[in-house]
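According to TrEMBL:
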SIGNAL    1-19  signal peptide
TRANSMEM  85-105  transmembrane segment
TRANSMEM  167-185  transmembrane segment
TRANSMEM  197-214  transmembrane segment
TRANSMEM  243-262  transmembrane segment
TRANSMEM  283-306  transmembrane segment
TRANSMEM  348-369  transmembrane segment
TRANSMEM  396-416  transmembrane segment
TRANSMEM  436-455  transmembrane segment
TRANSMEM  467-488  transmembrane segment
TRANSMEM  494-522  transmembrane segment
Amino acid sequence: MFLSAVWTLILTAPIHCRASIAETLIQCYISTNLMKTQTHPDLPADVNLSLFSFRKLWAFTGPGFLMSIAYLDPGNIESDLQSGAIAGFKLLWVLLVATIIGLLLQRLAARLGVVTGMHLAEVCNRHYPTVPRIILWLMVELAIIGSDMQEVIGCAIAFNLLSVGRIPLWAGVLITIFDTFVFLFLDKYGLRKLEAFFGFLITIMALSFGYEYVRVAPDQVEVLKGMFVPYCSGCGAAQLEQAVGIVGAVIMPHNIYLHSALVKSRDINRGNKKEVKEANKYYFIESSIALFISFLINVFVVAVFAEAFYGKTNMEVGQKCNESGSPHSDLFPANNQTLEVDIYKGGVVLGCFFGPAALYIWAVGILAAGQSSTMTGTYSGQFVMEGFLNLRWSRFARVLLTRSIAILPTLLVAVFEDVQHLTGMNDFLNVLQSMQLPFALIPILTFTSLTSLMNDFANGLMWKISGGLLILGVCAINIYFVVVYVFALNNTILYVFSAILSFAYLSFILYLMWHCLIALGVSCLDFRGSVRYPPAVLVDEQPELDS
């Protein structure tokens, strides 16, 4: 009947209209059939019925590896080598636990983006009042700038090591300006090519630090024992602080915001519960693989310094550097104090003990870590600004702003101080990012627990309880890390200033926790019924990066 009616329409129409009518009908027929077979051009449509498909996994691969870069930035690398030099293999299990905790938190972030079509900053903008929203935005921006500074420091040190000191640190800092333009150039070629490029940088890190691992040849039994046996015999305050520092370095606040936005780059029909569930599954698998690779790279660094330099004194290292003819032997005072290392000294001592190749390959790995973390700060800053403020800047303007803010203090230290003060900034930056951690963890637990927002994908009772305890523990660990750092400053004025800031800081955290507890179901805390969460509005637009 339908075909005969169409044929009648064509025959009875004026002659000059017949061709256009036929052409229009043919186009409608083709487009309708294409919609049946290619609902989502980003994803393979012929494997929807299978329980698992490598083609589907490949289609979803990318956001998790971009997210995992934050687990490999220069701050993490420095925390790893210090862990090995201070505690040997004893804290590898802490690194493993921190990575697993990070994976669970990234799962929540990915689910929020997949289910709602909004990233965390957009959801915060929609649910929090104006003043808390602005404060939250400022706190996350501080974390992003801190991460960018670590990238600048790492690149400057890498350039200095690779040039055997010919490129001074201040020049290395200035050179990092140009990687911004390289990044923007690559961005023009689309997300898939950008993902491939950062996968290449992760490969360089794996090969560089893997070479150090093979060259040093740590005891494999000790590596496995340290990884799976939670113990730390003979550990004191230094080892405890290092364990806390590992957690603070691994779990980064802006990475939660980043991952919730990156998962929007794949075309998903959010009206189809099966497709949303499938997307959550593949994103979790991809994130697990990505973080497993980042964990192995971190293990390489810890094990190298645990095997080669645990228990070494400054005098031993200085003598070895003198024997090898290293120009950096003056970095190590002639005393019997335990060796203290950072990413700069780490390369030097590797060169002294294992030859110049070890030093240069180490520097290449640090350079790859620094360059890759450019992406984390840039995209995180873009999504955070757009989400919290509804302010759309070009990526060029955004990168120029954050990089300028990051370069100025780093450049001043590089010009007027030495490399030890520059690398010492990493400790302060890790503390800064630890302080911002509650401003990502509390909101992500709050919103993924809301049935009005997540529908059938809201956190269940077990996830609410375990997630709440997990986030409470992580925040407590990081606050302890901050307190230890402040007390180590030994300055009364700083104590008073820190006390004032701490009062405001804790007050805002309590406010966020109040909202979180109401979302978790403790409705008795909503005294006047002032906390209301609007129902979900699914958003199918893709982020600007998916060009």
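Residue 1 is the first one shown; counting continues down the chain.
Just so it is clear, glycine is given a Cβ too, placed from its N, Cα and C backbone atoms.
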Looking at 85-105, 197-214, 243-262, 467-488, which one has the highest count of Cβ pairs under 8 angstroms to the transmembrane segment (348-369)? 197-214
Taking 197-214, 243-262, 436-455, 494-522 as candidates, which has the most Cβ pairs under 8 Å with the transmembrane segment (85-105)? 243-262
Is the transmembrane segment (436-455) in contact with the transmembrane segment (197-214), using three or more Cβ pairs under 8 angstroms as the rule and ignoring pairs under 6 apart in sequence? no
Contact call for the transmembrane segment (436-455) and the transmembrane segment (283-306): at least 3 Cβ pairs under 8 Å, seq gap 6+: no
May I ask for the residues of the chain that lie six or more residues beyond the transmembrane segment (467-488) and have a Cβ under 8 Å from a Cβ within it? 101, 104-105, 108, 241, 244-245, 247-248, 251, 427-428, 430-431, 434-435, 437-438, 441-442, 445, 449, 459, 494-495, 498, 509, 516, 520
Mind checking which residues of the chain, 6+ beyond the ends of the transmembrane segment (283-306), have their Cβ under 8 Å from one of its Cβ atoms? 57, 60-65, 67-68, 71-72, 76-77, 80-85, 87-89, 91-92, 95-96, 99, 102-103, 106-107, 110, 114, 202, 205-206, 209-210, 212-213, 216, 218, 222-223, 226-227, 259, 263, 341, 346, 350
Can you tell me which parts of the same chain pack against the transmembrane segment (494-522), counting only residues 6+ beyond its ends and a CB-CB cutoff under 8 A? 128, 132, 135-136, 435, 438-439, 442-443, 445-447, 449-450, 464, 468, 475, 486, 531, 533
